[in-house]
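Database features (TrEMBL):
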SIGNAL    1-19  signal peptide
DOMAIN    68-91  domain 'Glucose-methanol-choline oxidoreductase N-terminal'
BINDING   Val70, Val206  FAD binding site
ACT_SITE  His469  active site, proton donor
ACT_SITE  His513  active site, proton acceptor
Amino acid sequence: MKDLYALLPFILLVGCVENQIEQKIDYYQNKIENAFSRARCHKIRKDNSDFFKNAAGYKENKCIYTQGKVVGGSGTINGLGYARGNRADNDNWALMGNHGWSFDDVLPFFKKLENFVSDDIDFEYRGTGGPVNIAYSKVNQNFSKIREAYSEIGVVYTQDYNAEPQIGVSVIQRNIKFGRRVSGSTAYVRPSFRNKNLNVTVGALVTKILIEKFTKQAYGIQFIKRGKIYTAIAEREVIISAGTINSAQLLMLSGVGPKAELKKHNIPVISNLAVGETFKDHILFRVSFETKHNDTVSLRNLIKEYLGGEGILTNLDNSVSFSYHNTKNPNSTVPNIEFVLYLPSPASFLVPSLSNYTQKTQQYINKLDIRRDFYIEIFLLYPESSGNVTLKSSSPIDFPSIDLGIFKKENDLETFYEAIQIVEQLVETKVGKTSHLKPVEFQVCSEYSYGSKEYWYCALKHIAAPGLHPSTTTKMGPPTDRLAVVDHRLRVYGVNRLRVADCGIMPTTIAGHNNAVAFMIGEKAADLIKRDHQI
């Protein structure tokens, strides 16, 4: 028996959260405001389709991909680096036929969401007074040395990488306030709880978008809560904001997606669209070095500092700087690589292991120690490789099949190799040499000489991982774009009263982190909806 749960003007799907009573959980870690681990609030089920394919250093070539199954989504478990991307990202979206998405078009929405706290604000680019607090990380005492090392290899210091120019090295900006995380939940949802026009349901799994077969009009949703099936009817629109992966799955389960894929699972086709046919993410690789540093800190002192809004627990992790580079053209204003530099930290016990490594890869991982190691995470910002998201079955309980397609294109390996050469230049600077950095070698690739192209290609193929910045599964584009799922007003092609508003609509990856862009997309979507309905 299906119960009528509610009659609502708009239905906004902000996540597909499993029914926790019925779900079998292998691992669960309670949420903490500080996010040393990307694992918080993440549940790993026995279903292997929560893993990506094509990762040679992982069991069955599958590596873990985390999702924030909580109010606020993955912004509650991410690394908190606030990076909006490059002007060229949005200008390219507009050039692809997405009217209203150029940098000048979306800048007002970035500024609207921000409350940037700094003594030196470029008001042409930055906003104040918005719901999302943005602040620089506390400057590490060694940042001047880092800046000196970058300067020696010709990399300039950039005050604000979210303004212009972006290329260069900067102190990291984070969405934090008084040492605590600022997420979509804390910035937008919680302050609205008292609004009479807001009805929030949690602990539920949306199973289907209800679409009238003949008029092709979305009119509601079905969802499961505490073992019962409910129906919610939308008077005006259904807006999907369930995330890059879940939004794609939900559309396909509802009959919106590739015709061949839907027929394979006996799902009636409502609109034949390229849902999930493109799946992009940044690719991540870490280069590690041992140092002679080996500080420790007591748990008592950590807690004392935390309660005072200070210390390691309020600064997320031991990352110190972002730097942006173009390995193909040093004179370009658009980077193709991001470095995140980490210094040794005394809080290694705060990082639980979430992995699916093979035994040999795990032996390498076990040698790493953040109390001692200096390392740089390299993000490939515009990978040529892409994957897809498809259905495992017609059941909403099953995870979809996810294939990132890492290194399907050889050029991605070459770009990484070029980036690693920049890391090697840093190590050879005066600062690098006085730090006595010793490379942590990956023994699986020991048949090759450390530092050779063959060695790095081998290491990349084994331990590169997704950057956890997924996009493009419900791509925005003009009607002439075969891969487009939504138009420039985020309306799903072929279905009335249905929109998608999350990072899945991004036509490309960006030279930044998705968290900032997700907030912007939400602000832009709200403006579009208000204009369309004259609210």
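Here the Cβ of each residue, glycine as well, is placed from N, Cα and C on the backbone.
All protein chains shown were included, and the count of other CB atoms within 10 Å of the CB of the residue listed as 'active site, proton acceptor' stands at 23.
Across the domain 'Glucose-methanol-choline oxidoreductase N-terminal' (68-91), DSSP helix (H, G, I), strand (E, B) and coil residues number 9 helix, 1 strand, 14 coil.
For the binding-site residues Val70, Val206, counting C-beta atoms within 10 A of each C-beta gives the highest total at Val206. A straight line from the CA of His513 (active site, proton acceptor) to the CA of the residue listed as 'active site, proton donor' spans 7 Å. Cα to Cα, Val206 (FAD binding site) and His469 (active site, proton donor) are separated by 23 Å. Under the DSSP three-state reduction, Val206 (FAD binding site) is assigned to strand.
Around the residue listed as 'active site, proton donor', a 10 Å sphere centred on its CB holds 27 further CB atoms from the protein chains shown. Between the C-alpha atoms of the residue listed as 'active site, proton donor' and Val70 (FAD binding site), the distance comes to 17 Å.
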